[in-house]
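Structure record follows, encoded as structure tokens.
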Amino acid sequence: MGAGATGLRGARLSPEERANSSKSRAIDRALSKDHTDDLNRFKILLLGTAESGKSTIFKQMRVLHLDGYAKEDALEYLSIIHSNCMEALTQLVDACTAFGINHDITVQEDVNRFEDFKRKLRDPEGLVIPVVIGRCMDRVWHSPSLQLCYDTRRFRFALLDSAKYFMDNIVRLTEDNYVPSIQDIVHCRISTTGINELAFNYKKMDFKMVDVGGQRSERRKWIHCFDNVDMILFIVSMSDYDQLDPEDNKYNRMKQSYEIFKTIVHSDLFRHASIVLFLNKYDVFVEKLKTSPLRRSFKNYEGDNSEESAREFIKKLFRRCITDRHKFFVFETTATDTGNIDLVFGSAVAHIVNENLRSAGLHE
């Protein structure tokens, strides 16, 4: 009995001890919660050169993981979409002239009407294409001369990636009371300037995605986003393999992307970050290979001109930069395809979570 009483007395805690124990448990819970929050909070830095499709990925995250675009938000893209339509048709008409492709009389009249509308534009920033000009643009687009130029020479001159999408839909896009759809917004091209952030929840995890401009003048801003990055999402345009940098036409655009990627992954700032590479515009890459062999731009490429061989060469090119293969993941993407981006982003997150658990000894 005495021994039992002693045991009981030894198990009792004074009020101070009970208070300290309660406080200790509260601290443990708080630390555990902070640790859990840290595991569940991902900062993604979205990087890539101009026109890689980086901002399209950013828009897709809003579509997939937030509420998309309300009517008033969508209407802010109307002038941008109409500007893209004007740019696309201008590029095609100019290419016809450059390649000596002549229009028949009625098409030339529509081309003249289109050019006259451009000359009279007073406010390009607030551009709205009238219905009658939209119909005119549609006739020019469907003319034999424009179709010949597009079908046989579209990879031989600068052309907006979404030119076909916008031209195929020009009548709808210029109707009265037109409100841009999600796909219209996803396809539109606008240069990113400054730093844009998007916070969203996915698979019970909180994400913050940071998008900065890809133009050379914007890259100096990247350093301001480098704190506490969990994942670098680097976007490379696969279709750039035979393109020169418009800001400095001495440099191949894909080789330039490679050099920037190498600098990023070798930086001490990102030694703990996972690296995800999106090889974007894969659909355009496959089409281009039919008329522009990879070996023409990469002299050290010894494979054939098949999609599989060319793709693996480019993958290996970027993979050579990586020292920790466990933290590197690569996917082929088409940024304008919402389903594709949903699938590959989900796969990337799953790989990273599993790797983090493995590194922590919590997963085989």
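Glycine too: its Cβ is placed from the backbone N, Cα and C atoms.
Here Swiss-Prot gives region 'Disordered' for one range in the set 1-29, 233-261: that range is 1-29. Between the region 'G5 motif' (333-338) and the stretches 43-56, 184-192, 276-283, Cβ pairs under 8 Å are most numerous for 276-283. Taken residue by residue with DSSP, A335 (GTP binding site) is part of neither helix nor strand, so it is coil. Outside the region 'G2 motif' (184-192) by six or more residues, the chain places 50-51, 54-56, 58-60, 63, 69, 74, 77, 80-81, 84, 160-162, 165-166, 169, 173, 211-215, 218, 335-336, 338 with a CB less than 8 A from a CB of the stretch.
N280 (GTP binding site) carries a strand DSSP state (E or B).
There are 27 other Cβ atoms within 10 Å of the Cβ belonging to N280 (GTP binding site).
A coil conformation is recorded for S52 (GTP binding site) in the three-state DSSP classification, outside any helix or strand.
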